[in-house]
Amino acid sequence: AQIRYSIPEELTRGAFVGNIAKDLGTDVAKLAAANLQVLSDSDSQYFSVNVNTGVIMVSERIDREQLCGQNPRCFLHLKLAIENPVEFYRIEVEILDINDNPPQFPSEEVSLRIYELASLGARFPIQPAQDPDVGTNTLQTYHLSANDNFNLNVKARTDGGKFPELVLERALDREFRAFHYLVLTAEDGGSPPQSSKIRITIQVLDANDNHPVFDRPSYGARLVENSPLGTLVVKLNATDVDEGPNGDIRYSLSSHNSAALRQIFAIDEQTGEIRVQGNLDFEEATVYEIEVEAKDMGSPTMEEHCSVVVEITDVNDNAPEVILTSFSSTLSEDALPGTVVAVIHVRDRDSGEQGKVLCHVSPDLPFQLRKDYEHQYSLLTSTRLDREHVAYYNVTVSASDLGNPPLSRHTILPITLIDVNDNAPQFEQASYEVLVAENNPVGSVLVTVSAADPDSEQNSRLSYSILRAGGTDPGLDPTRYLSIHPTNGQVTAKFPFDYEQTTYLQFYVEVSDGGSPALRNRTLVHVFVVDQNDNAPQVHFPRAGEDSATQFRISPSIVPPALITKVVAIDADSGRNAWLSYHLVEATDLGLFSVALRSGEVRIMRALQETDASAHELLVVVRDAGEPPLSTAVTLVVVVEEKGPEALQGSEARAADGGGLPTITLYLIVSLVLISTVSLVGLAALGIRCL
């Protein structure tokens, strides 16, 4: 939207310009909450806005003549910016001229020397008055004091200037009056009008009565800007019918030309050739009007004037300018597509197609340009941003004009993305499997879990904790046995593990980041307790107290290899640590008895002889396969005697016991095989998984 105001120049500070809230049809409180800002295209801040009232006020003295010079219309352009949402309004303030400057002549007095034979109708230019005001307030007319010989003619220039000329209406007679004293008044059109005066002293001279004459009243030329020095503009031609010095002509630039014009053009006084001696810039002036005078060498000198109009043709010699009206170098990575990052103003001092500017950014970047209106673009986000993918952008804004060849300018906008907590921590492994030997030291590190978070700073600071896994025994609370370091993820044991009580434990490790709100993730940890050989075999049969032996009776006629008894032992450990072997270590006669290595059966190996002892003491050692092995010893006493009724009864009892022993042995063997198989399969699976 665009709003226009008009105010006169030279208003006092704080003067009312307009009510922007009223003109926009919005509430003043909304403007204040929307962070209302006024941005000016000029270097000075001539206006300010009271966000509490919505009133635009003058904040600095405004001199129209200083801002716009002789331009008929003078504008100051403002941009009104509000946030949430971002909106821009263009405000155009027209500065109206007031009649604060009177016309001023370059000097208070001027002297003219005119030959008495000057032709009627001869013109004598007077240095014009200058009035910096415009419109009706600028110079409007001249008035000449009453006299008998001269009339006033005001010549209008193409730039709107008026320059006065004295026109000889009646022939001069030096002998009648040698000096004429006139007063020229310059008056503007203000209300009330202002004026200034210059005194004109005219000296009437005798002699040379013909002045130079140009072959045409005015000349025209057209040049390309940036023409090389020495380029010929035009060659003037003036003639004087007098002879001798009175007909010898010299050309020069009139004193009416400005000092700046004299630095750009030069004239050869002999040939009348006008050449370029300075820089021609279409952007500074499109037309130059050169006043030239031709003087003869008579005494007194006579002169004639003509004008040369030089039109300048524009070339594409100015690259576009890129001006950042608003720019934020940081942007949140969760900014929605269409978020305004920068407001860009472009301009080109050339004219026509060469002054039209197109802007673009690389299509490979997640940004795009939107043309708001002529010469203004907004840089917007075009897609979602991800700081973890790209954290920093250098956005190159390219501005090119439509000249041939086109000129361009590139401006780099550095944009840094600010992190938001949009990534949950991720563990290096979905689950962990740990082998822990029982009787482990307290405080030993069982496993170190590790997670990573691609966010930055506080959003990537991780904290670990232990949670009980679902479906586990409520009595196996992992926090009772284990602890975890909150920052490095090291899981340590609070107590030694006992394989005979706990063979397996599983729990969750949860990691959370430091964002707000925090994001979390979990991993499952399996702890397998590995058995150690910490239990010696226990003899279940025959049962005997400490330091005592168990007696068995056999008949002297027993036939080998008859079973005498069977030693049964159990080891609380598992695997190889529970593999038992039986050894006959000591005996009265080692060749008479044997003990089966795996079953523990005690048998007689030969027939008894009369020379054999009547009682035999056997020391049987039960040893496991652990490293180092543990063992238990049992002492058996075998007594040789004839069977009596009691002995027969004891034999039957032993026979009954002996009949049950093979079944127990079978159960023990099957149990050992199953335990060993499960252990081997578990170790093999764990090894494959680790590989």
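The backbone N, Cα and C atoms fix where each Cβ goes, and this holds for glycine too.
Those TrEMBL annotations? Automatic predictions, nothing curated.
The domain 'Cadherin' annotation in TrEMBL covers 6-105, 106-214, 215-322, 323-427, 428-539, 546-664. The annotation transmembrane segment is assigned in TrEMBL to 664-688.
Contact count against the domain 'Cadherin' (6-105) (Cβ pairs under 8 Å) is highest for 323-427, out of 215-322, 323-427, 428-539.
DSSP states for the domain 'Cadherin' (106-214), grouped as helix (H, G, I), strand (E, B) and coil, give 3 helix, 54 strand, 52 coil. Each residue of the domain 'Cadherin' (323-427) gets a DSSP state, and the totals for helix, strand and coil are 4 helix, 56 strand, 45 coil. Summarised by DSSP class, the composition of the domain 'Cadherin' (215-322) is 10 helix, 48 strand, 50 coil. The average pLDDT computed for the domain 'Cadherin' (546-664) is 79.
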